[in-house]
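*Asks:* This structure is in structure tokens; I'll ask about it shortly.
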Amino acid sequence: MENKTQGEMKKDSLKDTNPYSECGSSRVIIIVFLALLIDLLGFTLILPLFPSILDHYGKTDDGFYQSLQSTVDWFADMVGVPHERKYNSVLFGGLIGSIFSLLQFVSSPLTGAASDYFGRRQLMIMTMVGLIVSYGLWAVSRSFGVFLLSRVVGGISKANVSLSTAIIADLHSQEARSKGMAMIGVAFSLGFTVGPMIGAYFAMTTTKGTFYLCPAILALMFALADLMFISLFLPETLPKEKRVTTVSSGFQEATDLLSPLALFQFTAVTRTKDS
């Protein structure tokens, strides 16, 4: 058997990294799965801690917390929620969670539209930087205002899920796209199963006054590791010749998706020059 020439070896190497080849698609799917899993592990650490975090700030006589508490009490009276501590924590936690989800709802289509122009990889790295800032603020949140700011920054930056879906949609074959979407579902299942358990465990091992510190630092470490992993291994799946020519055209379609009526008129997520 003759040895491969340098040109053949280079061709095989390009085939392995090309997201439109079979080997390249499998590699992209694995990278997206691992990156999304790491991200979701960090994201879900806080979920079982919300009631305890709100109780903690409620005992510190934080002025900003008390002003929001008055608003929550007014809303509770309006809808007939009993004045009990457990109901207050649930309602307040729901309010904070809704702010995060609302910002994610607004930012995800806009980030996806920007990725149609700038590329998936660049926007994925930018969102991870935003999440790192969010977790860093959570780790140093001695006041409720800083904690709420961390949730706002996190909600704006939490667009990597839609970007992961867009990366999978860029793959060439229907089989690869189907496999990739399935792996995204697996990442969600694992992340939302393991992450909350890790957060609760680490919260139990820290002192009462700073019970949230270890989960916050761990989430920050997950985000830093994810950023490094994406920077080193994630290839660009949307070549320049397939990107939109102007970012404004993508933003126009993204703003249309922010209408609640658009939820009942769902279309494919791909938007490139060829589409």
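Here the Cβ of each residue, glycine as well, is placed from N, Cα and C on the backbone.
Sharing the features that TrEMBL gives for it:
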- 28-50: transmembrane segment (TRANSMEM)
- 28-275: domain 'Major facilitator superfamily (MFS) profile' (DOMAIN)
- 90-111: transmembrane segment (TRANSMEM)
- 123-140: transmembrane segment (TRANSMEM)
- 146-169: transmembrane segment (TRANSMEM)
- 181-204: transmembrane segment (TRANSMEM)
- 210-234: transmembrane segment (TRANSMEM)
*Asks:* Quick check for me: are there 3+ Cβ pairs below 8 Å between the transmembrane segment (90-111) and the transmembrane segment (210-234), leaving out pairs under 6 residues apart?
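*Replies:* Contact between the transmembrane segment (90-111) and the transmembrane segment (210-234): absent.
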*Asks:* If you average the pLDDT over the domain 'Major facilitator superfamily (MFS) profile' (28-275), what number do you get?
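*Replies:* That region's mean pLDDT is 85.
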*Asks:* If we call contact 3 or more Cβ pairs under 8 Å (sequence gap 6 or more), are the transmembrane segment (181-204) and the transmembrane segment (210-234) touching?
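*Replies:* They are in contact.
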